[in-house]
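Annotation comment: TrEMBL describes 21-40, 52-74, 81-99, 105-126, 138-159, 214-235, 300-328, 340-358, 370-389, 395-417, 429-451, 457-480 as transmembrane segment. What TrEMBL lists as region 'Disordered' is 489-510.
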Amino acid sequence: MWWDERVSARFRRNLQPTLTYWSVFFSFGLCIAFLGPTLLDLRCQTQSSLSQITWVFFSQQFCLLLGSCLGGVFKRTLAQSLFALFASSLAISLVFAIIPLCHNVVVLAVVMAVAGLAMGCIDTISNMQLVKIYQKDSAIFLQALHFFVGFGALLSPLIADPFLSDTNCILSNGTANTSSNLPHIRKSLVPHHPGNLSRYDLPMKGMVVTHVSYAFWIMALINLPVPIAVFFLLYKERMVPCFNRSSHPLLSADELAMEARPAEKDDPSTAMQRPQAARGHDDLFSCCQSKNFRGASYTYFAVHITGALVLFMTDGIVGEYSGFIYSYAVEEPLSVVHKVAGYLPSLFWGFITLGRLISIPVSYRMKPATMVFINVVGVLVTFLLLLIFSSSVVFLFVGTAGLGLFLSSTFPSMLAYTEDILQYKGCATTVLVTGAGIGEMVLQLLVGSIIHEQGSYSFLVCGMIFGGLAFTFYAFLLFFHRMYPKPSSDLDATSPDKPAVTDDNGLYQR
């Protein structure tokens, strides 16, 4: 087997919670990728302009960021974490069911804001809980966790595709008798920005003929088993109020370790380090308290900041590329046919999913730092080639696949690498998740505005700039890693972060 028996035994002991966190991230993936392909149909449903519907993207990303910051509040106990995950995954199913009933763009933005809050809580809590359970062995399980994001994000555009409109989905008086198909719409352009669909206004009044509602209802049903799985975990842990009287809760990992090592329970070095390790999973507000900064070196802050900036850029690229690749492809000079362009977001997420699947065994053999280096260099080179071959439809598909492959493992690898640098004593998980969320929100809004003003070619130029910045920030992170003080060997020997000492004896951290 490509992992050792120790890691395998730990996985078996934590099988149900691990599978539950993976399934909850599937909900996250379902909800993150459907807006791009369904954008035109949602405009028809809400009878809104492109600039108005863009605020739906913003509301989702802003509340995803807010949810990521607030998600740490619910991590204080396992019960709080699981109840938050149950509510969040159930909210996503309800959002999918409600979206077809939203005929006003403001109402749709509010509904997507609720989805963003749920996604943010899922993002923070699931990452934190897996890092808590597996600590030094968390890299491989984080790769698997983010594989499920890619799988959900791959599935939602494929579900939506059969229900997307082939024709103008609002029939006004002028189009009621003659069908106006999308290729014709994309040729009806203003002189200064050929191919710029954002400049074309759909009819704002008329009969809506979109069938995209069926796609959302299917996604709501597909997602429904996820909150059920979380509820079963709550039931197993006897945290459901009606079922918690007849059983005692499981011991925590630390308590089991103390039972296994009674001679060490009064060891001062171990006692001092446990609360420090736990502090690495605080919410953003707790992390910002001044008491956490006392005695910290400048490299402590530099590792947090540069790690967050790398993910700001790379996760921002994921958001803006998946959101605008469809619009870029259907505009000149490429002018890809509607149905063919609809496969690009699915191809992008498909190779993100494939890359994360490949990264599961690779992460066990390769250091996270090496994986991140390969990722950021690959992103930079891919955008350079996309710019060179910007008139080739074939290379657009090849480049989209390559970009998805290189971006696939960046987040989990960076999270594992940064947590390892800080010995699980900083606020890396919280800061990195927050930085990634800000990047997705800000870069998507920024690129949308630039494309609207400068034309479609600026889409690739922005990606090249963001890729270059990600590489630069990663180079700074490597420098600060070399400067960061290493723990002494005697502290390492008694550290609770050592899997063979503390976590191997536990079943499930409460």
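Just so you know, glycine gets a Cβ as well, placed from its N, Cα and C.
Note: TrEMBL annotation is automatic and uncurated.
Using the rule of three or more Cβ pairs under 8 Å, pairs at least 6 apart in sequence, the transmembrane segment (370-389) is in contact with the transmembrane segment (395-417). Of the Cβ pairs linking the transmembrane segment (429-451) with the transmembrane segment (214-235) and spaced 6 or more residues apart, fewer than 3 are under 8 Å, so the two regions do not touch. With pairs at least 6 apart in sequence, the transmembrane segment (340-358) and the transmembrane segment (81-99) have fewer than 3 Cβ pairs within the 8 Å limit; the two do not touch. By the Cβ criterion (under 8 Å, sequence separation of 6 or more), the transmembrane segment (21-40) is not in contact with the transmembrane segment (457-480), since fewer than 3 such pairs are found. The list of residues near the transmembrane segment (105-126) in space but at least 6 beyond its ends in sequence, with Cβ under 8 angstroms from a Cβ of it, reads 21, 24-25, 27-28, 31-32, 35, 42, 45-46, 48, 52-53, 55-56, 58-72, 74-75, 81, 84-85, 87-89, 91-92, 95, 98-99, 145, 283, 429-430, 433, 437.
Where the transmembrane segment (395-417) meets the stretches 52-74, 138-159, 300-328, 340-358, 457-480, the count of C-beta pairs under 8 angstroms peaks at 340-358. Relative to the transmembrane segment (138-159), the listed stretch 340-358 leads the set 52-74, 300-328, 340-358, 457-480 in CB pairs under 8 A. Long-range Cβ contacts of the transmembrane segment (457-480) within its own chain (Cβ-Cβ under 8 Å, at least 6 residues beyond either end) map to 299, 302-303, 306-307, 309-310, 313-314, 316-317, 320-321, 324-325, 328, 369, 372-373, 376-377, 379-380, 382-384, 386-387, 390, 418, 443, 446-447, 450-451.
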